[in-house]
Amino acid sequence: MSVQWYPGHMNKARREIEEVMTQVDIVIEVLDARIPDSSQNPMLNTLRGDVPVLRLLNKKDLADKSRLDLWLEHWRGSETVLAHPFSTLDKADVGRISQWVSQMVPHRGSAEKPIRAMIAGIPNVGKSSLMNALLGRRVAKVGDEPAVTKAQQKLKVTNGFQILDTPGILWPKIENPDASYRLAVTGAVRDTAIDYEDVALVGLKFFIADYLDALMTRYKLKDISTDPYDVLRVIGSKRGALRSGGKVDMHKAAEVFLNDVRTGAIGPYVMETPEMIAHEERLVEEAKAKKEAERQARLAAAVPQRQQASNRAYRNNQTQQTDDQAQSTKHDENTNDKQ
Ligand SMILES: Nc1nc2c(ncn2[C@@H]2O[C@H](COP(=O)(O)OP(=O)(O)OP(=O)(O)O)[C@@H](O)[C@H]2O)c(=O)[nH]1
Ligand SMILES: [Mg+2]
């Protein structure tokens with residue numbers, strides 16, 4: 001099972017990004033600091049080609065700093081990735097952007113040759129918020145749901161720096177099913193494309209394993225089951241997510257929990273470590289290799305079947321010919337007898 005969401009407007013946005021990429025000096029890829037790996041769009045990487053990228057791990061105020069440091073360490077020394085923890089709410093961070101960008105594109109930055117930056121990334125990570133923060137006024141619509149921006153918007157920050165806001169895009173097939181659920185937990189996937197209860201259970205499983213204390217504190221739990229379903233029921237009953245008759249409404253309970261996760265009410269967290277991603281990538285590769293081996297085996301089995309079928313057809317044909325010959329010989333003999 002996995003979550004997939006690639007509506008038509010994203011395909012259009014992808015084409016438009018591709019069209020303008022040749023006029024872009026740098027891509028500012030906004031990531032969600034709570035999912036540093038899964039919020040990277042592989043399709044954007046391909047579209048970007050050799051254009052340098054500045055990766056901003058946005059919403060750092062919602063992220064667990066110690067885990068974020070693991071990622072910074074993991075990427076340190078890489079020539080292709082310049083990543084910084086970031087928050088559009090932090091004025092000092094916003095103030096550093098033009099310096100980071102100029103560092104990466106030193107040959108531009110004048111009024112004649114302004115730095116042309118494209119802000120891109122998955123939905124709901126804070127791209128339009130970044131655009132507004134850079135301009136110091138509300139020029140782009142911002143919202144706490146994915147797919148708020150539907151069209152590109154270009155603006156001048158200073159004479160030497162212009163930026164382009166783009167709609168958030170995912171990609172046609174998210175190969176790692178766990179990653180797809182993490183995108184749903186953090187709010188990059190539209191609600192109508194997910195099963196709330198499923199996504200909440202995945203989120204709870206993660207919090208039980210990695211941030212148990214924060215979870216227990218948030219919901220004032222003295223003890224806790226290791227079964228996410230039981231925990232969701234308890235959360236629902238504590239927070240009044242009930243049906244008539246007093247039974248817990250699991251969908252409402254899931255809404256309460258996911259809202260708390262997305263707004264950071266449970267506390268700061270990061271859902272991924274480099275080690276965990278390496279392990280999941282191995283599993284994805286193994287699953288792909290297994291699927292391919294099964295496909296080859298089916299093909300190999302189909303060849304003898306086809307061969308047998310054609311042998312049978314050949315044999316039938318031969319038998320028919322022999323019978324015909326026999327008939328014709330008999331007919332000849334009969335004719336000769338009569339003569
Ligand atoms: N906590 C926190 N929230 C942020 C930060 N930056 C943006 N947000 C919130 O994230 C939500 C999404 O922001 P947008 O700027 O609309 O995101 P977007 O990437 O443009 O989204 P789409 O246009 O839908 O792709 C809004 O509720 C913002 O207020 C941040 O640094 N910290
Ligand atoms: Mg936007």
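Every residue, even glycine, has its Cβ placed from backbone N, Cα and C.
Heads up, TrEMBL stuff is auto-annotated, nobody curated it.
Listed in TrEMBL:
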DOMAIN    14-172  domain 'CP-type G'
BINDING   Asn58, Lys59, Lys60, Asp61, Asn124, Val125, Gly126, Lys127, Ser128, Ser129, Gly168  GTP binding site
REGION    288-339  region 'Disordered'
COMPBIAS  288-297  compositional bias 'Basic and acidic residues'
COMPBIAS  305-315  compositional bias 'Polar residues'
COMPBIAS  316-325  compositional bias 'Low complexity'
COMPBIAS  329-339  compositional bias 'Basic and acidic residues'
Binding-site residues close to ligand 2 - of Asn58, Lys60, Asn124, Gly126, Ser128, only those whose C-beta is under 6 Å away: Ser128
PLDDT averaged over every residue in the domain 'CP-type G' (14-172): 95
Long-range Cβ environment of Asn58 (GTP binding site), under 8 Å and at least 6 residues apart: Val30, Leu31, Asp32, Ala33, Phe86, Ser87, Thr88, Val125, Gly126, Leu130
Asn58 (GTP binding site) - helix vs strand vs coil (DSSP): strand
Entries of Asn58, Lys60, Gly126, Gly168 (binding-site residues) sitting next to ligand 1, with Cβ under 6 Å as the cut-off: Asn58, Gly126, Gly168
Residues Asn58, Lys59, Lys60, Asp61, Asn124, Val125, Gly126, Lys127, Ser128, Ser129, Gly168 [recorded GTP binders]: greatest CA to CA distance in Å: 21
Tertiary neighbours of Asn124 (GTP binding site) (same chain, Cβ under 8 Å, six or more apart): Asp144, Glu145, Pro146, Ala147, Val148, Gly168, Gly187, Ala188
Which same-chain residues, if any, lie at least 6 apart from Ser128 (GTP binding site) yet have Cβ under 8 Å of it: Ala140, Lys141, Val142, Val148, Thr149, Asp165
Nonlocal residues around Lys60 (GTP binding site), in sequence order (Cβ under 8 Å, 6 or more apart): Ala33, Leu68, Pro85, Phe86, Ser87, Asp90, Asp93
Cβ neighbour count within 10 Å of Gly168 (GTP binding site): 24
